[in-house]
Amino acid sequence: MSSLPSLLERLQYQPKDDALIRQALTHRSFGKDHNERLEFIGDALLDLVVGDALFQRFPEKPEGELSRFRAELVKGETLAELALDLDLGSYVRLGQGERKSGGGKRQSILANTFEAIIGAIYMEAGFDAARQTSLQLFESLIDSIEQRASHKDPKTTLQEHLQAQKRKLPIYQLESTSGQQHSQTFLVSCRLVDQDVSVEASGRSKKLAEQQAAALMLEQLTSRETL
């Protein structure tokens with residue numbers, strides 16, 4: 001298990017007592033003081049906090065669309081992405097068998113641990129602290145929710161944009177990896193060979209870095225095309 005202070009720094013949260021955070025990082029395969037009750041309360045909190053954030057952000061959207069946005073943001077896949085950004089897999093405590101089978105990288109375990117962390121912050125510091133941490137972590141996802149909810153991530157959108165213009169598809173390349181093993185940052189380039197245009201972006205995983213690079217390339221292309 002990696003050093004807890006580094007995780008708390010990423011969360012921008014300092015508890016008076018870290019016992020609940022440690023429990024939130026404990027899978028049931030590790031022991032009886034596991035995180036499932038904290039996961040339960042974290043799940044409910046995220047529904048409320050994310051729902052309220054969307055309600056405030058999109059006053060013109062009907063209930064059905066807000067529900068669809070929230071479902072996209074609080075689904076297991078999205079929570080696992082956020083957990084990867086926090087490198088929760090390096091902090092979660094797993095039984096030996098679960099660890100050997102790759103449990104620290106399993107989407108369901110990462111998502112459940114993320115919910116438990118939010119639940120632990122609520123139980124230790126109250127609603128406002130849990131809300132603040134949640135909004136900080138979800139901020140960029142809420143900003144891009146309309147695109148996410150259309151099920152077209154930046155890489156897919158960029159590919160379709162280029163195909164519509166009968167152009168060659170982009171090439172993604174890992175340029176460098178930095179940081180300690182439990183807290184790596186990946187630098188990825190996205191290059192258009194037919195224009196010799198390239199951008200770079202970083203992320204806590206190669207996949208996230210590629211998505212960021214694709215988003216930057218899209219911005220560059222659309223700004224040129226509107227000139």
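Placement of Cβ uses the backbone N, Cα and C atoms for every residue, glycine included.
Annotated domain 'RNase III' per TrEMBL: 4-126, in sequence order.
Look at GLU39 (Mg(2+) binding site): DSSP puts it in a helix. Taking the Cβ of GLU39 (Mg(2+) binding site) as reference, residues of its chain lying under 8 Å away and at least six apart in sequence are, in sequence order, ALA24, ASN112, THR113, GLU115, ALA116, GLY119. According to TrEMBL, the Mg(2+) binding site annotation covers GLU39, ASN112, GLU115.
Annotation for ASP43 (active site): spatial neighbours VAL74, GLU115, GLY119, criterion Cβ-Cβ under 8 Å with sequence separation of six or more. Taken from TrEMBL, the feature active site covers ASP43 (among others).
Summarising the annotation, TrEMBL assigns active site to GLU115 (among others). Counting every protein chain shown, 25 other Cβ atoms lie within 10 Å of the Cβ of GLU115 (Mg(2+) binding site).
Here TrEMBL flags 153-223 as domain 'DRBM'. Across the domain 'DRBM' (153-223), the model assigns an average pLDDT of 90.
Within the domain 'RNase III' (4-126), the DSSP-based counts of helix, strand and coil residues read 89 helix, 2 strand, 32 coil.
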